[in-house]
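Asks: Take this structure first; my questions come after.
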Ligand SMILES: NC(=O)C1=CN([C@@H]2O[C@H](COP(=O)(O)OP(=O)(O)OC[C@H]3O[C@@H](n4cnc5c(N)ncnc54)[C@H](OP(=O)(O)O)[C@@H]3O)[C@@H](O)[C@H]2O)[C@@H](O)CC1
Ligand SMILES: [K+]
């Protein structure tokens with residue numbers, strides 16, 4: 001797990017590293033600059049004209065160190081210093097002294113300094129870092145706008161200037177194409193509204209104290225491949241189909257049998273011992289023809305879900321994809337929630353039904369997994385003003401229901417009943433298509449049936465689903481990738497995770 005710390009904690013981590021490594025503050029800055037430059041020189045051609053726009057705090061100090069190093073690498077570098085009211089930090093001063101005549105430095109002192117950077121191919125943003133405490137205004141806002149107006153590639157040092165790491169931002173913010181952040185990812189990076197500012201972001205290691213990071217309290221984590229390898233248990237020689245549970249998927253309706261097939265195929269590829277699928281009568285032949293491994297449970301209704309089968313034999317249930325919201329379906333869902341006591345996976349129309357029938361929410365068994373996309377989440381939790389508030393709502397819902405709430409999207413977030421949130425790194429925009437969610441429901445149902453806990457299931461299922469999309473998009477491309485491909489590439493996704501042993 002990568003721990004996501006807030007800026008106050010990062011400041012303490014900085015100080016702790018300086019005191020206990022020990023390392024001089026200016027030498028730590030030098031390390032940070034070198035890590036940035038190392039990333040930079042591998043990607044940017046040395047003929048490109050570089051502009052570095054610095055503030056006068058430590059982010060600006062980084063900018064000056066980077067300028068010196070890139071000059072030594074042979075890049076044509078120009079430096080601008082935004083001279084507002086921020087006092088020069090000690091390390092800024094030292095790095096300014098270390099630039100001896102070259103590269104060239106100009107001060108930006110008035111708001112009328114416009115069109116400054118137009119001859120630069122690449123602009124490095126080092127105006128504000130994690131020390132930003134309020135929206136940028138005056139000369140700072142002007143410099144940010146001036147940078148955003150150019151055609152240059154913009155690269156932010158640590159965090160785009162103007163973007164707050166832990167709170168909603170307003171005012172002018174650098175629109176970076178890339179952000180190279182020091183060791184700890186910032187919470188804002190995981191939110192959709194930050195993306196136009198961070199662009200693609202990455203972290204570079206600058207040797208901050210590992211034990212201190214491990215001991216820092218946080219409820220926010222970024223999942224890694226290793227975490228998933230630890231969760232997924234390789235199967236043993238004497239295991240048999242009884243060991244791996246019997247999953248039931250309740251999905252599909254007239255014209256929506258595809259949802260049932262996608263969820264069921266994904267469940268089958270995720271390892272449960274047995275899979276039954278409950279479909280309306282019109283789905284019988286479709287199911288039996290498409291998925292011979294699945295057993296059919298047939299509803300009394302021709303076109304939609306109206307009656308739960310007897311549920312005792314099932315280890316878990318995945319319910320929702322394509323079931324619609326007919327009154328009889330609402331009743332049947334209520335019946336499932338009243339009779340089934342083990343955790344289940346709730347998705348799509350089942351979530352929409354819960355959204356308009358809040359009394360049913362109380363009946364959801366503890367440790368179930370809910371998988372809303374943002375629109376479904378809004379129906380369950382109401383509107384939000386910003387991404388931070390949305391995260392708080394997600395945490396609250398998970399804690400109130402004592403369930404795991406998976407909010408789907410880029411960096412799908414997984415909130416657990418005890419207040420933790422895990423962000424998932426896998427997946428790509430090729431998966432933003434109908435049917436992707438049905439596949440996820442299938443994977444989660446398949447894993448839950450095998451006895452993985454709700455938290456393990458959500459972490460592994462969301463990761464494997466995204467990884468199948470990543471492997472699939474390498475072959476099919478993000479335009480052409482479809483949900484069926486996710487099922488097709490799921491075996492490779494599992495193998496990738498298991499082979500990490
Ligand atoms: N963490 C690490 O381990 C390492 C960190 N390093 C680097 O240090 C950076 C953090 O440095 P930093 O603390 O000096 O912050 P930075 O953003 O440069 O300036 C803050 C100053 O700006 C001021 N200010 C704030 N908002 C403002 C506004 N809107 N308009 C005007 N002024 C505003 C603020 O004033 P205050 O809020 O105190 O009133 C303060 O004076 C970090 O991002 C990374 O690049 C690496 O070098 C080494 C390892
Ligand atoms: K910056």
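For all residues, glycine too, the Cβ spot is worked out from N, Cα and C.
Heads up, here are the entries from TrEMBL:
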DOMAIN    10-214  domain 'YjeF N-terminal'
BINDING   58-62, 129-135, 140, 158, 259, 322, 373, 438  (6S)-NADPHX binding site
BINDING   59, 125, 161  K(+) binding site
DOMAIN    224-497  domain 'YjeF C-terminal'
BINDING   408, 409, 410, 411, 412, 437  AMP binding site
Asks: Just checking: which of 161, 408, 437 have a Cα that is within 10 Å of the Cα of residue 140 ((6S)-NADPHX binding site), counting only these binding-site residues?
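Replies: Qualifying among 161, 408, 437: 161.
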Asks: Just the binding-site residues from 322, 409, 411, 412, 437 whose C-beta lies under 6 Å from any atom of ligand 1, please, or none if there are none.
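Replies: List returned for ligand 1: none.
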Asks: Can you list which of the binding-site residues 61, 140, 409, 410, 411 have their Cβ under 6 Å from some atom of ligand 2?
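Replies: Once distances to ligand 2 are taken from each Cβ, none falls under 6 Å.
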Asks: If you measure from the C-alpha of residue 130 ((6S)-NADPHX binding site), which of the binding-site residues 59, 161, 410 fall inside 10 Å?
Replies: 59, 161
Asks: Which one of these binding-site residues has the most other Cβ atoms within 10 Å of its own Cβ: 130, 133?
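Replies: When each Cβ's neighbours within 10 Å are tallied, 130 tops the list.
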Asks: Fewest other C-beta atoms within 10 angstroms of its own C-beta: which of the binding-site residues 59, 161 fits that?
Replies: 59
Asks: Nearest to residue 58 ((6S)-NADPHX binding site) by Cα distance: which of the binding-site residues 161, 410, 437 is it?
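Replies: Comparing Cα positions, the closest of these binding-site residues turns out to be 161.
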Asks: Looking only at C-alpha atoms, tell me how far residue 161 (K(+) binding site) is from residue 410 (AMP binding site), rounded to the nearest Å.
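Replies: Distance between the two Cα atoms comes out at 23 Å.
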Asks: Fill in the CA-CA distance, residue 61 ((6S)-NADPHX binding site) to residue 411 (AMP binding site), as an integer in Å.
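Replies: Here the two Cα atoms are 32 Å apart.
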Asks: Excluding near sequence neighbours, so keeping only residues 6 or more apart in the same chain, what lies with its CB under 8 A of residue 412 (AMP binding site)?
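Replies: Once residues fewer than 6 apart are set aside, residue 412 (AMP binding site) is near 406, 423, 424, 427, 462, 466.
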